[in-house]
Amino acid sequence: MVGRAHKPTALAATPGLAPQPTVTFSPDNTSVTAELPTGESVSVLLYGATVTSWKDSSGDEKLWLSTAAKLDGTKAVRGGIPLVFPVFGPPPSAPHPTANLPQHGFARTSVWEFLGKSTSESTPAEGAKAADDLSVKLDFGLSAASLSAETQKLWPFKFNLIYSVTLNPSTLTTSLVVTNDDDKPFDSQVLLHTYLRVNDISSVSIQGLSNSPYLDKLLSPQAQTSGPSDLTITQETDHVYSTPNGASDPVTVLENGKPRFVVTRDNLAQVVVWNPWTEKAAGMGDFEPKGGYKNMLCVEPGAVGTWQTLEPGDAFEGAQTISIAN
Ligand SMILES: O=P(O)(O)OC[C@H]1O[C@H](O)[C@H](O)[C@@H](O)[C@@H]1O
């Protein structure tokens, strides 16, 4: 059973002002959708605070979501933007404190609370703000107290997560703040597991990672190597790039040589590039259509190269902004 939104409200345009963003809930209150007056929209499922849809003003979907994705809270969502915390991938062995957690941790399989929305509304001093300047931000929260007793036992730390999803006419920003509310330090990793929608993977190239060494997760033992100058995807790919300038270099996804998405990062020094290709897609029960790997590319900004150690009271913030380039 999926949790309900906290104090759901439908927020419509205010009479007398320029049209404002709207925020509405699904009939069962398990998902919230924000729409700008210019027509762009974003939908977030409270389960995992998973962004499941991001559309431009013509209704064109920018994220890939499996048609077999479970949206009922029984399994992490296959597609959109699942949120990875506090461990990326399979956890390390005991005695590491994440050892008993499932792959990619519990944030993507926990029910988050909707904390509210804010908009960049115009003030009387500014005059009516141009519709294409408007943005809307949705905030979601998760803390140790809202986890099941079982999950609390698997990772026994007091923490607070605030996840903000901000929609602009041409960008989507997702940002996570992790706060240590415990009286002892904890280690964690964070990753924004973004499934970008592409027309045809065979015409896709990726720029911005050519100077970044990467770990190839498909090699055994996993080997550190360097990327080609223009990355193309022609087979199963699972690379963890560590960008040498931290998070300052944008990553551009091109189709037929034309930029399609530009991903900028704040404080997230790794970028995972993942495509399951034919066999892996065939083996995933929730990956449909099976040929869907041709229409997706995961570009996943994260802080997963090492552990972020947070002392009591300290916070870590990481964010991505995805811009539509054409
Ligand atoms: O199947 P999931 O647990 O959602 O993981 C899907 C993929 O996530 C990341 O991209 C990892 O690098 C991959 O190794 C993993 O296969």
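Glycine is treated like the rest: Cβ placed from N, Cα and C.
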Annotated region 'Disordered' segment (source TrEMBL; candidates 1-22, 45-66, 155-176, 287-308): 1-22
Among R78, Q103, R108, the binding-site residues whose C-beta sits under 6 Å from ligand 1: Q103
Listed recorded positions among R78, Q103, H193 whose Cα sits within 10 Å of E300 (active site): H193
Chain-internal residues near R108 (substrate binding site), provided their CB is under 8 angstroms and they sit 6+ positions away: G48, T50, A76, V77, P82, L83, V84, H193
Environment of R78, Q103, R108, the listed substrate site - residues of the same chain whose CB lies within 8 A of the CB centroid: K75, A76, V77, P82, V84, H104, T109, H193
Other C-beta atoms that fall within 10 angstroms of the C-beta of H193 (active site): 24
Collapsed DSSP category at R108 (substrate binding site): helix
Sparsest Cβ surroundings (other CB atoms within 10 Å) among the recorded positions R78, Q103, E300: Q103
